[in-house]
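K.L.:
The structure's right below; bear with me while I get my questions together.
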Amino acid sequence: MKILLDSLPFIRIFRGQIIVIKYGGAAQINPQLKEKFALDIVIMYMLGLKPVIIHGGGKRINEMLDIMGIESEFYNGYRITSAECMRVVEMVLSGEINKELTAFLNFHGAKAVGMSGKDAHLLQAKAKDNGALGYTGEITAVNPSFLLNVINDGFVPIIAPIATGEGAGHLGYNINADIAACHIAKALSAKKIIFLSDIAGVLDSNKEPISSLTPSDIKQLQKQGVINGGMIPKLEACVDCVQNGVEKAHIIDGRIEHSLLLELFTTQGIGTEIYNGQDK
């Protein structure tokens, strides 16, 4: 009873609010964690929150590329996506993971609907770094009206981070899921964006989690080399969000059962909170 009473102030704050969740890491692979995640989403939905889920799939993509004898290449945390690789990326993200997750959430009681960024021009993109990363793209436009219609009709959108390219015959673009989640959160004026990861949050030089950061803190940590690899695009996304209308961004440990509920409905929360240097 105490847990429920303690959560009431947070339920009042978040009821009716859009919460964007980037779903990835162990929570996307471990069967027990998948089930806890699904239950968290159902509870959020039943309490009147409006979850929007963008999923990754890097490990599954790498596994499929290995099976097909295609090398996985990365630069500064971004995948270099050849035409051959792009076909595999879309097959795994849109054809496998998206449908599996949608079915799984529906089974647990959410009204989930799966889609990719190609649907209704949800995500439009151009080649990142003038094509140096192949079919890895950067988002140029988001169609929020389509998503808002889906949300306001009582559905939970499950989005694969594939964007529409130039022309009908274009393969489309592979979008970093963290960046896609950020653009969607901004377009929807989301209350929060939450990134599920396989670490306890952003770690300092002693590998201890940092409870809160501002964009200037993040810049300093990058200069010191504390932040690197796949954490770079994740934190770039967080900074972009909090500087463009999203109240707070959170990086939390998806390996902890019910991590979403712990972040949203408890005073202490978990992981690292990023805010824009004003009031926390």
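Backbone N, Cα and C define each Cβ position, glycine as well.
Okay, so Swiss-Prot annotates it like this:
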SITE      K22  site 'Transition state stabilizer'
BINDING   G57, G58, R79, N174  substrate binding site
SITE      K234  site 'Transition state stabilizer'
K.L.:
For K22 (site 'Transition state stabilizer'), name the DSSP secondary structure in the helix/strand/coil scheme.
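P.N.:
DSSP assigns K22 (site 'Transition state stabilizer') to strand.
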K.L.:
Find, among the binding-site residues listed as G57, G58, the one whose Cβ has the highest number of other Cβ atoms within 10 Å in the structure shown.
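P.N.:
Buried the deepest by this measure is G57.
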K.L.:
Who sits close to K234 (site 'Transition state stabilizer'): which same-chain residues at least 6 apart have their Cβ under 8 Å from its Cβ?
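P.N.:
For K234 (site 'Transition state stabilizer'), the qualifying residues are D178, F195, S197, I251.
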K.L.:
Given a 10 Å Cβ-Cβ cut-off, pick out the one of the recorded positions K22, R79 that has the most other Cβ atoms nearby.
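P.N.:
Counting Cβ neighbours within 10 Å, the top one is K22.
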K.L.:
Within 10 Å of the Cβ of N174 (substrate binding site), how many other Cβ atoms can you find? Include all protein chains, please.
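P.N.:
Neighbour count, Cβ to Cβ under the 10 Å cut-off: 28.
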K.L.:
Whose Cβ lies within 8 Å of the mean position of the Cβ atoms of G57, G58, R79, N174, the substrate site, other than those residues?
P.N.:
G56, I61, T81, V89, L93, P161, N176, A177
K.L.:
Report, in whole Å, the straight Cα-to-Cα distance of K22 (site 'Transition state stabilizer') from R79 (substrate binding site).
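P.N.:
Rounded to a whole number, the Cα-Cα distance is 18 Å.
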K.L.:
Let me make sure I understand the span of the substrate site: among G57, G58, R79, N174, what is the greatest distance between any two Cα atoms, in Å?
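P.N.:
Output for substrate binders G57, G58, R79, N174: max Cα distance 12 Å.
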K.L.:
Given G57 (substrate binding site) and K22 (site 'Transition state stabilizer'), what distance in Å do their CA atoms have, once rounded to a whole number?
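P.N.:
Answer for this pair: 11 Å between alpha carbons.
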K.L.:
Using DSSP, would you call G57 (substrate binding site) helix, strand or coil?
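P.N.:
G57 (substrate binding site) sits in coil per DSSP, no helix or strand.
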